[in-house]
Amino acid sequence: MSSGLKKGIYFSEYYTFSLICSSFEDDDQPQIGKKGYSRVVYCNDPDNPEALQLNYSTNYVSTTKYTPANFIPKSLFEQFRRVANIYFLVVACVSFTPLAPYQAGSVVLPLVLVIGVSMAKEAVEDLRRRKQDREANNREVQVYREDRTFKKTAWKNLRVGDLVMVEKDEFFPADLLLLSSSHGDGICYVETMNLDGETNLKVKQCLEATKAVRDEFWKFKAIVKCEDPNENLYSFIGRLYYDGRQYPLSPQHILLRDSKLRNTEYIYGVVIFSDHDTKVMQNTIDPPSKRSKVERKMDNIVYFLFSVLVLISSVGSVFFGVQTKNDTSGGRYKRWYLRPDSTTVFFDPKRASLATVFQFLTGLMLYGYLIPISLYVSIEVVKILQIIFINHDRDMYHEETHKLACARTSNLNEDLGQVGTILSDKTGTLTCNSMEFLKCSIAGTAYGRGMTEVEKDITRRQKAGTPEFEALFDIEEHTGNIMNSIKGFNFRDERIMEGKWIKEIRADIIEKFLCVLAICHTAIPVSGGISYEAESPDEAAFVIAAREFGFEFYERTQTTIKLHELDRKTGEKVDRAYKLLHVLEFSSSRKRMSVIVKNEQNQLLLFSKGADSVMFERLSKDGQIFAVETKDHISKYAAAGLRTLVIAYRELGEEEYRIWEEEFLKAKTSLSGVHDELVYAAVDKIERDLILLGATAVEDKLQKGVPQCIEKLSQAGVKIWVLTGDKMETAVNIGYACNLLREGMRQIVITLDKPEVIAIEKGGDKEAIAKASLESVRKQILEGKSQVTSSRQSGVSSAFIIDGKSLTFALTGNLESLFMELAIDCASVICCRSSPIQKAIVTRFVKRATGKTTLAIGDGANDVGMLQEADIGVGISGVEGMQAAMASDFAIAQFRFLERLLLVHGHWCYRRIAMMICYFFYKEIVFGLTLFWFEAHASFSGQPAYNDWYMSVYNVFFTSLPVIAFGIFEQDVSASLCLKHPMLYQEGLKNMLFSWTSILGWMFNGVISSVIIFFLITSSVLHQAFRRDGKVAGYEVLGVTLYTSIVWTVNCQMALVINYFTWIQHLFIWGSIIYWYIFLVSYGLFPPTISTTAYQVFVEACALSPLYWLTTFCVVIFALVPYFSFKAFQFRFFPIYHNKIQIERLER
């Protein structure tokens, strides 16, 4: 639509409710100037000395976690919140004392490396947030400057008091006071999807005193005194002091940051709140800290291993103390070669107790390799790379919106494989939130032959497989594809399409019906009626439908609405103009909308549309001719999952209208405290004695693939709850359409629409109503539990359906446990008429009651509480804005992608992380316990079996890369098989790979391997000639042989675990082994003062000895036999889910 046309429209003269606000000067605002209401803004005068003293910040916004000044201390604090890191820090500090069994550098360097990598990861993530901030801060807006021109300025440079110009489809850079707009009456349309998720446009209007501020801006100077910054989006208290007068301000005058200007060419405004003072930033809270269940359990494993560490240190120190004390007996020295008569306090037989304590501390450091220092950083690296694969999965790419999946956190990857319950919103999540005009009822006749997803499902269940169904379905698909080319219109019925409605018996009623659709709205035509800008998708669908039926709305001016109409009598297109007198717009409390117009025959007409609950009671006695049929059609439409509105009209007499308008205008200009009540009462009088024309039915279609996705997730053992604000009938039928409810399920319905409760409600006694409602819900829950029990015995699954009123009482303390017991026992749950707070509360109760991982999925701002309360929040980046997606842990474009996210990526991530952690502890136990066995062999002297640097680089160089590659690339089965066999998901749901049985099994494997490695090597190497010259193996040779066998064993163990080999895994596994030999040779070349026991040990001793190579080979084979035997036995006789699939593939 042209700018000139918009300038000529003065909607404020017609809007009745959206623009209700106090506009009189004596409005009482006693809070101004007191605590909480002390903000002062100098409009268009930010350089005023008094304004400068207020020291308001600029509009620079930062959402980063760190700053250059606090990065090091704050990130170090984050790293040392982990108990393992604290332990290694203490060990590093103590390593500088004589108690340390190794050099300090060999401990400090790995710790610095691990902490440094983790801090670098934090820095990279924060830099990404800083980049997003930079993009927002560098957006441009036009600001009025001292040279009396508007200049483009970055958002970050805005100051409180600046006068700005915002143009159509731009976001507001700060919270602004609306001064004027391109509309002559100072109104503008605002889209608030980013704030509240609502797609309908909001109407804002400036003060009468400022709407003329369009030029000579240098003359405009004013002061605003208002409330201090706060998070309430829907309230604002302030006063404008301008031109010697004062005017009260309300939320109607404020434009909030991150909302968008729509249907308005431009507005002028003054910055009231900037940067973090804006209401949207005040509402920005740090998301709750979420840790995966695997990570929380990992902490318990660390505590367990620390207890083992303390235990073996205690055992070793006690044995050491006893032997040290016994070194002197009757004045004689048993171990005289140790010179106990000339030793330090650490080995003094006379102070054996003190030596025991010191030895205990030495043991804590020496056996500390039981605690994996590199585990946390390895998992972080793996998780980051996992989410890169998730983010680039082309099978989760939505072509229409050009959006891929987006993992917003790496903390919860493995939880995706353990989801027990999904709590889903309906509108925009299961459905498209894109309305299509599908059916209508006019003059008691139902029109529209299209089938909704619900109807298709009902037909499929009743006539599946029959020839008539297949034919019907093919026709529906073909015609549906043709009609879908018109967005918002999916209607087909040859009786009234293409102008054939003029031949219908009640063509006069059809004409009025279509006229109401074309006129009763606030839409604005764009490009001459080709498309429309409407306040809601429903409204746009009605205008488009009217156009397709021959009533094309093509122009709106200040006083008229113009249509290209199909004339009923001539069958020709004619242009008609309707004088627009009043718009009584829709509100949630009114549930209806009306317009008053005068046609070319000077008839005064009131056109109205609204919910059946309020419209039927407003019909005149003579206007209910088709009421019975229309109600029946509405019921059928609701059962088909359609959203309905009743269409009605009435003719007004000149005198009747004059009297009403006087009363109405008097109410609108009233200055009394009951201003709103007077306006509503006046409007209520005119919207009566209506004549019923019919009803509309629009469909919010199911998203593609939703039924199949839900069916697969149900087969995987995941329970699905739908929390929706829809009516029970609509929710139930949508449940059938999306396979949440299935044929043969027993439905347990809890509702307060019971005769006994309704009778008490009519009495009005709130206490009695609450008591009766509570008792009714209790009784129905107990009956439901007995029904579930009997159904389970007969092998029938149950579905639990409850309405919002009943849910309020079910969530009270007395009934909470009963409600959850019933809901958990059912296969599917639908909560109807649920408020956002109820969604969050239900999510919290489910999480607490089941003890399993919960996943919430939604697309609107009203779903944010539910998403943040759940263990995992998944946001749909749909048409309701991005607030849900921004508040989520994972964002996807369509509900159907949840199937792949959980069954493929969730399963893989769970398996990878669980096996990775178990393997980590296995290899640490193998290494750490060989130290313990050597200590026992050496009288617990504190002498380590290995060179200091061997121990330091064990986790860094020789065993870390294979396990990281496993965590990134491992696949027990392919993605297609994960989707084909959803029962595979049970491995994560039942936590089969990370149960204490599995964890202890891996630890036991580590113990067995350490015993085999140590005792076979000591038996083979120490008691015979090791070299050709007859020399036996010394301490340094024993250490190298032990270490070599461990490196081979743990890397070959990884090769046995892997199901899916890539060249990278081969490179890392065999490369780590080869690198050990390279390191051994290279390190041995350093002088003995540096390499100590490693000096030339491989080149001169080990490499030349056949015994070294033979022992290594045999020990590795024997160490791997227990695990190999166990897995072969399990695979053959007790296969788990992925084994069964592997067996099935092998047998083909």
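Even glycines carry a Cβ here, placed using N, Cα and C.
Note that the structure is predicted; figures quoted are calculated from it, not measured.
Quick look at what TrEMBL annotates:
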- 41-103: domain 'P-type ATPase N-terminal' (DOMAIN)
- 83-101: transmembrane segment (TRANSMEM)
- 107-124: transmembrane segment (TRANSMEM)
- 301-322: transmembrane segment (TRANSMEM)
- 357-379: transmembrane segment (TRANSMEM)
- Asp425: active site, 4-aspartylphosphate intermediate (ACT_SITE)
- Asp425, Lys426, Thr427, Glu539, Phe586, Lys609, Arg643, Thr724, Gly725, Asp726, Arg833, Lys839, Asn862, Asp863: ATP binding site (BINDING)
- Asp425, Thr427, Asp859, Asp863: Mg(2+) binding site (BINDING)
- 885-1135: domain 'P-type ATPase C-terminal' (DOMAIN)
- 913-934: transmembrane segment (TRANSMEM)
- 954-973: transmembrane segment (TRANSMEM)
- 993-1017: transmembrane segment (TRANSMEM)
- 1037-1060: transmembrane segment (TRANSMEM)
- 1067-1086: transmembrane segment (TRANSMEM)
- 1106-1126: transmembrane segment (TRANSMEM)
Segment-segment contact (the transmembrane segment (357-379); the transmembrane segment (954-973)) at 3 or more Cβ pairs under 8 Å: yes
The domain 'P-type ATPase N-terminal' (41-103) - residue tally per DSSP class, helix then strand then coil: 27 helix, 3 strand, 33 coil
Average model confidence [pLDDT] within the domain 'P-type ATPase N-terminal' (41-103): 81
Contact between the transmembrane segment (993-1017) and the transmembrane segment (1067-1086) (3 or more Cβ pairs under 8 Å, separation 6+): no
Interface-richest range of 83-101, 107-124, 1037-1060 toward the transmembrane segment (301-322), CB pairs under 8 Å: 83-101
Long-range neighbours of the transmembrane segment (83-101), counting only residues six or more past its ends (CB under 8 A): 107-108, 111, 114-115, 299, 302-303, 306, 344, 346, 358, 361-362, 364-366, 368, 371-373, 375-376, 942-944
Candidate nearest Arg833 (ATP binding site) in space, where candidates are the recorded positions Asp425, Asp859, Asp863 and distance is Cα-Cα: Asp425
Cβ-Cβ under 8 Å with the transmembrane segment (1037-1060): same-chain residues at least 6 beyond its ends: 915, 919, 922-923, 926-927, 930, 934, 945-947, 950, 958-959, 962-963, 966, 969-973, 1009, 1013-1014, 1017-1018, 1021-1022, 1026, 1069-1070, 1072-1073, 1076, 1080, 1093-1094, 1097-1098, 1101-1102, 1108, 1111-1112, 1115-1116, 1119-1120, 1123-1124, 1127, 1138, 1142
Same-chain residues near the transmembrane segment (913-934), Cβ under 8 Å, at least 6 residues beyond its ends: 294, 298, 301, 305, 312, 316, 366-372, 375, 378-379, 382-383, 413-414, 944-946, 954-955, 959, 963, 966-967, 970, 993-994, 998-999, 1002-1003, 1005-1007, 1009-1011, 1013-1015, 1042, 1046, 1049-1050, 1053-1054, 1057
Residue numbers, six or more beyond the limits of the transmembrane segment (107-124), whose CB comes under 8 Å of its CB atoms: 65-66, 71, 75-76, 78-79, 85, 88-89, 91-92, 95, 100, 365, 373-374, 376-377, 380-381, 384, 952-953, 955-956
Remote residues contacting the transmembrane segment (1106-1126) - C-beta distance under 8 A, at least 6 residues beyond either end: 1005, 1008-1009, 1012-1013, 1016-1017, 1020-1021, 1024, 1026, 1037, 1040-1041, 1044-1045, 1048-1049, 1052-1053, 1056
Nearest of the recorded positions (Asp425, Asp859, Asp863) to Arg643 (ATP binding site), judged by Cα-Cα distance: Asp425
CB contacts for the residue listed as 'active site, 4-aspartylphosphate intermediate' [other CB atoms within 10 A, all chains]: 28
Spatially closest candidate among Asp425, Asp859, Asp863, the listed recorded positions, to Gly725 (ATP binding site) (Cα to Cα): Asp425
Asp859 (Mg(2+) binding site): tally of other CB atoms within 10 A of its CB: 30
Around the Cβ of Asp863 (Mg(2+) binding site), the count of other Cβ atoms that are within 10 Å: 31
